[in-house]
Amino acid sequence: MISVLVDILSWIALTAGAAFYVIGAVGMTRMPDLFTRMHSVSVSDTMGVGLLCFGMILQAGPSLLAVKIAFVVLVLWATGAVATHALARAALHDGAKPLLAAPDGRLVPTDCVDLFPELGVRLAQPLASETPEEGETPLPDDGATIAEPAPGYGPAGNTGANPDAAPDPTREDR
Amino acid sequence: MEQLINMVLLTLLALITFGIIRVRNLFAVVVLTSAYSFLMASVMMVLDAVDVAMTEASVGAGISTVLALGALYLTKTEEAEPRYSPLLPAVVAGTTGAVLIFGTLDLPPFGSADTPLNTHVGADYLARNMAETDIPNVVTSVLASYRGFDTLGETTVVFTAGIGVLMLLKRWRKAERRED
Amino acid sequence: MMFSVAILGVLVALTLAVVRALKGPTAFDRLLAANAIGTSAIMLLALFGFMTGRPEFLDIGITYALLNMIGTLAVLKFFRYGALGHAQDPAKEREPE
């Protein structure tokens, strides 16, 4: 009885893990730029690997083998996060610009300084000189736009500011 | 299933090889080579050669990547355009490959029991192994026990070579800095 | 049987990762794909061991995971600093010798 239950559980875990794995890989081939690809690889690196190994642990039963698989999962989770972080950092340092949706829906390469002014000091090369002035204005601006719609004004008054909270700085740029 | 895995892995290996040939950026070549090593290690794994898989992964994906990057530091990252037509090398490589494939025709079928490999010394080792060394994997016991000194020598040679390469790279780096 | 299904999934993912490694416009894309290929190789190894009933190969999987990490970080360090371990940025360069 219990063995059947364990089998069913590991069937579910392994199939779902394989599905997550494939979904992440499809994202890696289909996404438009590096950062979105990294985002989708993290699906297979966490849920895919985790579920696959969970299924294997169920099949291994309480043994040294199960501990080893758990160790593999832990190592993969830890190193995956570190490697992804290092990859993003190196790419930003190299001058890669994330593709972001402009207000009209097109995908535009955007300097991340525009989005995260507080990071500008460390990461940006091209806009480094301009960040101090620009860096202070968007932050209170964002706070204001987020705070205003919350009380429940209709979308008519705020459409200009609220949905464009992220692309707003990009519009200034271009 | 095993055959399917082998087919997929070998096809991907071939694809990556073509990619390595085609790509001009040497960073990309280093990265692709490391991916190639992991795929090759998986093939070795499926072929049940655990020790070779281990070596392939640690040498191919580990130290080779680092050494190639160290070498890249001393050169440009873009491969130069070939000055001569690649026709002659292609002919040489093609001929060698054809001869090698011709040579495999004489090999006994994969895993057959009545080959010289499995009838002379191999059977003897298989029989004595468990009693003498208590290691379930015969390949490992032969490598680490029966010819342990040979393996020790190999390790020494590889270690010395690694130290030599490190010293070479270090000296280049220092010389470059002094010029500045 | 269940391991065969999972192996099929991993093989598909492996193929897609290789496609990305070959296509990848930047070296970072290739690096991302190579990392994914390494992870896929580990999962393939573990699942294959379970499928054939000899899951002891997992020790090698752990080693692969660590090696994969080392390879990726080495390449990234190279991109970041221009060399392995030495800050090669002329602005930051200090001469200890």
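Residue positions begin at 1 at the first shown residue.
Cβ coordinates come from backbone N, Cα and C, glycine included.
In TrEMBL this protein carries:
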TRANSMEM  B:6-21  transmembrane segment
DOMAIN    B:12-76  domain 'MrpA C-terminal/MbhD'
TRANSMEM  B:26-47  transmembrane segment
TRANSMEM  B:53-75  transmembrane segment
TRANSMEM  B:87-105  transmembrane segment
DOMAIN    B:89-176  domain 'MrpA C-terminal/MbhE'
TRANSMEM  B:151-169  transmembrane segment
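For the transmembrane segment (B:6-21), the residues of the chain that approach it from at least six positions outside its boundaries are 29, 32-33, 35-36, 39-40, 42-43, 46-47, judged by C-beta separation under 8 angstroms. Cβ atoms under 8 Å from those of the transmembrane segment (B:26-47) belong to residues 2, 5-6, 9-10, 12-13, 16-17, 19-20, 53-54, 56-57, 59-61, 64-65, 68-69, 72, 75-79 of the same chain, restricted to positions at least 6 beyond its ends. Using DSSP to sort the residues of the domain 'MrpA C-terminal/MbhE' (B:89-176) gives these counts of helix, strand and coil: 70 helix, 0 strand, 18 coil.
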